[in-house]
Amino acid sequence: MASSTQGQVITCKAAVAWEANKPMTIEDVQVAPPQAGEVRVKILFTALCHTDHYTWSGKDPEGLFPCILGHEAAGIVESVGEGVTEVQPGDHVIPCYQAECRECKFCKSGKTNLCGKVRAATGVGVMMNDRKSRFSINGKPIYHFMGTSTFSQYTVVHDVSVAKINPQAPLDKVCLLGCGVSTGLGAVWNTAKVEAGSIVAIFGLGTVGLAVAEGAKSAGASRIIGIDIDSKKFDVAKNFGVTEFVNPKDHDKPIQQVIVDLTDGGVDYSFECIGNVSVMRSALECCHKGWGTSVIVGVAASGQEISTRPFQLVTGRVWKGTAFGGFKSRSQVPWLVEKYLNKEIKVDEYVTHSMNLTDINKAFDLLHEGGCLRCVLATDK
């Protein structure tokens, strides 16, 4: 059914980042109607992720200001542009920063979940059709972010970047499947393919690290070692499947040696969930000679490089990376939502705080406190 606002500019509230590292402000933003191949979504709930903060901090070379950040959200389709067939007004959806067009070289390869169709536009804060933004304030364009821009009551996304989900799913919970939880689960299931009986090490016990633990537990890992410099995280991590804990601050030896000693030669799989290149090296080097695999999940700052001795790889270790946990967004996010509804995966347990969009700056402060996993913001208050 067509909405009353179809084809019209909508004025709504959005959190605008005018410049790097300056508090966001709630503004009245004009959101243009969707063009061909685009979808306008009423965002109901959006969560905060460290990737949003990374761009807001000014360290992201692709960061453009002013912009509307946010990429972990859920909402309802308000209207669709010409040629859009897979979603319609009223559908419940999760915007996906990882597109899936099913037509490009990447999508057709069968080897990756990456998609090349809209990246050239989303990487510079615009839409594909006309290389312009759908957001403006008094005629001044406001850039998009990651093709999602969910810190707004309404957003416009490409149709290849939105997953239709079961309307029974609570949007204030399944919004987390738009990034962090899916990334951690998929790193285990899709990228590493952890087998039953494996020994796993997880560096960094934030939302993504805990989702890795959850995935490893469901895969039947025999030992799941959580590594973090904040010992307060350990009690929470037990609930997600972590079986033992190591705080690097408690040891004089390099952390990789501590883990090798604990595991009779090293772990079968390790996951770096921080984005620290020196920890990435530790994660690789704590893997067992001959077969250990380390997966880089955390996003390092631009320009940083990883290093290790080639001998580490020559002797059988494997170093891999993952984006969105290897999940194909439009095809598999709905499947993850069903797994949640069937109580096969945790999601609610990652939500430690609930606030309103107007409290977004306070929410970002919380993100850096040890007790916060995910803070979910309601946009309609």
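Placement of Cβ uses the backbone N, Cα and C atoms for every residue, glycine included.
Site annotation for Zn(2+) 1 in Swiss-Prot covers C49, H71, E72, and the matching candidate from C179, C273, C286 is C179. Between the CA atoms of H50 (NAD(+) binding site) and H71 (Zn(2+) 1 binding site) there is a gap of 11 Å, rounded to the nearest whole number. Among the binding-site residues H71, G206, F324, the residue whose Cα lies closest in space to that of C115 (Zn(2+) 2 binding site) is F324.
A distance of 10 Å separates the Cα atom of C179 (Zn(2+) 1 binding site) from that of T51 (alcohol binding site). Within 8 Å of the centroid of the Cβ atoms of C101, C104, C107, C115, where the record puts Zn(2+) 2, the same chain has further Cβ atoms from A99, E100, R102, E103, K105, F106, K108, L114, G116, K117, V160.
G206 (NAD(+) binding site) sits 10 Å from C49 (Zn(2+) 1 binding site), taking the CA atoms of both as reference points. Here the Cβ of T51 (alcohol binding site) has 20 other Cβ atoms within 10 Å, regardless of which shown protein chain they belong to. With H71 (Zn(2+) 1 binding site) as the anchor, the candidate binding-site residues are C101, C107, I274, V299, and the one with the nearest CA is V299.
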